[in-house]
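Step one of this worksheet: look at the structure below.
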Amino acid sequence: MIHIDRIVAGTIVVTAVKGRLDSSSSPKLEEFLAGAPHEGNILLDFAELTYISSAGLRVVLKATKLVRGAGGTLAVCGLIPQVHEVFDVSGFSTLIPIHPSREAALATMT
Amino acid sequence: MPRKPSNIIYSADETPPLGTQLVLGVQHATLALLFIVYPLVAATEAGLSFDDTQIFITSCIIFMGIATLVECLPRYGSGLLLVQIPNMAHLPLAVQSLAAGGPALYAGMSLIAAVSQLTLSRFIGALRAVFPPEVCGVAVTMLGVALADPALRRVFGITGEITPDLDLRYAMVSVVTLVIIIVLAIFSRGLLRLFAVAIGAGAGWALAVYVGVAPQPAESFATLAYIDLPRLGFPGLSFFSWALIPAAIITGIISAVDMLGTVVSMQRMDDADWRRADLGQAGRAIRANTIADMGTAVTGGFASASSSAAIGVAFATGTTAWRVGAISGILMVLAAFSPRLIGLLTIIPSSVIGAILVYAAAFLIVAGMELILSRRLSDRRIFTVGLAILAGLAVAILPELVHITPEWMQPILESPLSVATAVAIILNLIFRIGIRQEASRDVTVEENPFTVATEFLENQGDLWGARRDVVAIAIPVVAEGVEMLLDTGVAPGKLEMRAHFDEENFDVSLIYDGEPIAIPTHRPSPEDLLGDAQAVARFVGYMLSKRADKLVLGTDGTHQKLTLRFEH
């Protein structure tokens, strides 16, 4: 249902999420992000995320607070239109930087 | 106002420059006038005299022009680019009635056909359930299939039986014409694209002359006047043929279905967000056609109907502006004043016309498939479409089957379009039996909301023939609503998911025991997602209200009811 990969690209930790992020799968991402260092910059690559519910948004919000608390930045990239709509309607797109692709995000965040 | 598709340069309501309107109008009028070959065939088969044939053709052209003009006008007609041509469906009726009782009997039968067409058009708005997109799609696809025979015969220069000594010069002219039209329609911009059909036809005609397959003008051609007053006749009316009356009624119905197919094709071509047939608009077009047909009948002419070939021209030139059609209508009426011009059109090489018909047929076949696939297909719908198309192909491939049926049935059974559409209508009505417009299932907290919503809504969408994009939008929104209600405990343990479909709306209600939720009008802070159950419910409720077309909170007996509406 969900597959998570971590890639370190220079000073940025990229977490790529595939599948659906809902109430049953978001604890896995929450656990994954909690186990990662919060210092530095985190990029959530959602290019292969097909669905996100409010439970998924909650995990993203928590991770943002943790990273910012440690002085870092959290951004997301590669949103498909359906997921982008959720970020827009929920107001998350004004809260979290959104980049069109991983390459664009890395170029901006580096 | 419909959203213009990217491949359309001038849409229905737009006004191209006057010069462009004129040249496009000439293209449409010329193509339409080429089809006077149908009444010519009928007149020859029935052995009409030279004078009667002239009246037969002249009346047909004048009322083709008038019908085209009225059909295109937004207030009195459809406001679409519809161009009339002599109605091929009238060919059997004309041949039989002209032979049996002369022009007066054909006038009477033609009038009956017009009345039956008019009657159907009066009720067409109430027949929405009879003409869902897949039935319209079958009709449009079969319009294209029905063009295949006349198109391919012209492409290969076949006039009777196919013989081994096929003259490939005809096919060469057709292929060159077709390639030029397609290349200009796809790869060119501006004027070249607008005149794609005229350029292709001109080049094809020149090639036909060069290779020696262009027909020579008859000796009488030189004696035809450049300008002359058109001759109309009043042959009287005769209804004394009980054997032909059913054929006349059926011809009217076939003509109405044919018109419906062309109108839906134009609506679809002109609107990037097309959802369903505008049957009111189709009814206005059919009414304009029937009134012109009545005029044709009493003045001794051959009936007309909107042209599927013109749809191909509209697509190739990227222009669906109604003004172009209106100009072509006026030009057709003017053409009736020039016997020399009409005579000239009869010598355009048939392989050039064949190429234009192949282009139109290819477009219509795919346009019909697009219509069919615009809705989710259940097993019932797959067989409705598949069997209907097979039935249409059966009479096209095995015409001998039609010849063993009673004579009065043959006019309808000879037409792949009418057979396929009739089978589609009947199967659609039969397969609707037993399908309720409302369905529900319980969802428990142990189940995955997204999986449940996907399975339930896709299954119901298939049964109801709902639009794919609407079901795809509804699934994540409904899943979000279910997840919020169950996970926050607002709906303790379980809820009922109830879907309702009525063609205009796709509604999904979530019914549960518990407290009502509040939907804020302003967006709550994302921080609410980290708050208590009611704060999360408020936040998600706000999101649902923005993502569905409408959110309604209410009660169902003693239960709470949250309804998400998706416009269909």
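Glycine is no exception: its Cβ is also placed from the backbone N, Cα and C atoms.
Caution: TrEMBL annotation is automatic and unverified by curators.
Residues or ranges marked as transmembrane segment by TrEMBL: B:20-43 (among others).
As annotated by TrEMBL, transmembrane segment applies to B:55-77 (among others). Long-range contacts of the transmembrane segment (B:55-77) within the same chain: residues 13, 32-33, 36, 39-40, 42-43, 48, 83-86, 103, 230-233, 235, 284-285, 288-289, 291-293, 295-296, 299-304, 306, 322-323, 325-326, 328-336, 342, each at least 6 residues beyond the stretch ends and with a Cβ under 8 Å from a Cβ of the stretch.
Per TrEMBL, transmembrane segment is recorded for B:97-118 (among others).
Nonlocal intrachain contacts for the transmembrane segment (B:130-148), taken as residues 6+ away from its ends with a CB within less than 8 angstroms of a stretch CB, comprise 124, 257-258, 260-262, 264-265, 276-277, 279, 308-309, 357-358, 360-375, 377, 381, 384-385, 388-389, 392-393, 396, 415-417, 420-421, 424-425, 428-429, 465. Residues or ranges marked as transmembrane segment in TrEMBL: B:130-148 (among others).
Cβ atoms under 8 Å from those of the transmembrane segment (B:168-187) belong to residues 154-157, 193, 195-197, 199-201, 203-204, 207-208, 211-213, 315-318, 349-352, 354-356, 358-359 of the same chain, restricted to positions at least 6 beyond its ends. Taken from TrEMBL, the feature transmembrane segment applies to B:168-187 (among others).
Here TrEMBL flags B:194-213 (among others) as transmembrane segment.
Here the transmembrane segment (B:239-260) has long-range neighbours at 87, 89-90, 92-93, 96-97, 100-101, 105, 108-110, 112-118, 120-121, 124, 131, 136, 139, 143, 277, 282, 285-286, 289, 293, 303, 305-306, 308, 407-408, 411-412, 415, 417-418, 421, meaning same-chain residues at least 6 beyond its ends whose C-beta is under 8 angstroms from one of its own. The feature transmembrane segment is assigned by TrEMBL to B:239-260 (among others).
As annotated by TrEMBL, transmembrane segment applies to B:324-347 (among others).
Under the heading transmembrane segment, TrEMBL lists B:353-373 (among others).
Per TrEMBL, transmembrane segment is recorded for B:382-402 (among others).
Taken from TrEMBL, the feature transmembrane segment applies to B:408-431 (among others).
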Outside the transmembrane segment (B:324-347), six or more residues from its ends: residues with CB under 8 Å to it:
10, 16, 21-22, 24-30, 32-34, 36-37, 40, 57-58, 61-62, 64-73, 80-84, 214-218, 221, 224-230, 310
Quick test of the contact rule: Cβ under 8 Å, at least six residues beyond the ends. What residues does that give for the transmembrane segment (B:382-402)?
134-135, 137-138, 141-142, 145-146, 148-149, 372, 410, 413-417, 419-421, 423-424, 427-428, 431
What same-chain residues lie close to the transmembrane segment (B:194-213): Cβ under 8 Å, and 6 or more beyond its ends?
9, 20, 23-24, 26-27, 30-31, 157, 167, 169-170, 172-174, 176-178, 180-181, 184-185, 188, 312-313, 316-319, 348-349, 351-352, 355-356
